[in-house]
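Peer 1: Provided herewith is a single structure, encoded as structure tokens, for subsequent inquiry.
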Protein chains: 2
Amino acid sequence: MYPKIILDLILDLKKLPGIGEKSAERLALYLTQLEQDELELFGSHLKDLKTSIKYCKTCGLLTDDETCDICKNHNRSDETIMVLSDSKDVFAIEKTQTFFGKYHVLNGLIDFSRGIEPKDLNIDALAIRIKDTKEIIIATNSTVEGELTAQYIKTLLSREGLTISRLGYGLPVGADLKYADQLTLIKAVENRQKY
Amino acid sequence: MYPKIILDLILDLKKLPGIGEKSAERLALYLTQLEQDELELFGSHLKDLKTSIKYCKTCGLLTDDETCDICKNHNRSDETIMVLSDSKDVFAIEKTQTFFGKYHVLNGLIDFSRGIEPKDLNIDALAIRIKDTKEIIIATNSTVEGELTAQYIKTLLSREGLTISRLGYGLPVGADLKYADQLTLIKAVENRQKY
């Protein structure tokens with residue numbers, strides 16, 4: 001019924017989270033009304049997405065360069081490193097403007113049921129960079145995989161003089177960090193608990 | 001904070017209806033997780049969208065060919081033509097599987113405040129093709145522009161032997177046709193009123 005290219009676009013759009021059949025149809029038809037140069041730009045952004053983004057070689061964060069702006073920033077302390085599963089979560093914490101340490105992004109969580117083991121995550125690089133670190137804040141989500149990964153990292157990195165804490169107070173159990181409101185995130189950072 | 005290409009994608013996504021800042025961020029970050037070939041396909045669909053779709057030279061519907069499948073279908077009667085503002089509305093009516101006449105898509109509505117006059121719409125072609133038509137169902141939305149356009153078409157096309165009706169019963173006033181549920185649309189077709 002729809003022209004083929006619109007059916008194709010509906011399938012593309014349905015892959016996105018929160019976009020069902022009806023929304024995809026509506027968006028695909030709306031796209032036909034955009035200007036050609038807008039569509040070309042949008043299309044080239046999609047094509048270039050994966051080649052344009054890099055992962056910071058120090059911390060694993062999504063970035064434009066070899067090293068991200070946060071790792072480059074000498075005003076930020078190396079003494080505290082917050083460990084997160086995902087770049088999205090770093091962006092959420094950064095928006096609160098209350099954390100001035102460094103980050104380490106695991107780019108995933110341990111999940112044996114899906115075959116994701118510690119070696120598949122950005123964990124080795126963490127073990128290397130924490131020689132002078134005084135505190136590690138583990139900020140993985142409070143899911144089974146998040147807890148398992150937190151436990152693994154705690155066991156792996158424990159040594160005298162290093163405090164390992166876990167984001168705690170304020171973050172509702174089972175909630176996804178990146179959707180939490182800023183106040184909840186601020187509380188969770190302030191009231192982190194020794195792990 | 002975000003890599004530039006992600007900021008670009010957020011701007012692209014925010015142009016779409018119903019997608020705000022937060023949703024655009026979420027979708028842009030999600031896109032980084034898709035495979036390169038999926039992103040390339042999506043991108044090329046966007047680039048090729050406007051060149052791949054055509055408007056049927058008979059009825060004005062979005063289509064793959066010079067003439068749409070509905071106009072080509074000899075099992076559908078030419079005696080009744082439903083006039084709609086938009087291809088989206090045709091697709092909504094088609095899904096009800098209760099109308100077996102032909103369509104005529106105006107591709108817009110008269111709107112003097114935005115400088116859209118009858119000559120900017122697909123109206124001349126309608127006047128030419130209705131020689132043997134017995135009924136015209138005007139199915140423009142019940143907005144100011146929809147009513148004005150309906151009135152204009154009624155005045156232009158009125159002749160002996162031609163019934164001009166208007167989609168009526170069942171369609172809530174002020175509602176947008178393409179979002180109506182199927183039952184309401186079926187009622188509106190069944191209970192169309194002489195105009």
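Heads up, the Cβ atoms here are built off N, Cα and C, so glycines get one too.
Below are the features I grabbed from TrEMBL:
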- B:79-172: domain 'Toprim' (DOMAIN)
- B:56-71: zinc finger (ZN_FING)
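Surface or core, plus neighbours and distances: that's what I need for these features.
Peer 2: As a whole-number mean, the pLDDT of the zinc finger (B:56-71) in this prediction is 92.
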Peer 1: So how many of the residues in the domain 'Toprim' (B:79-172) end up helix, strand or coil by DSSP?
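Peer 2: Within the domain 'Toprim' (B:79-172) the tally stands at 36 helix, 19 strand, 39 coil.
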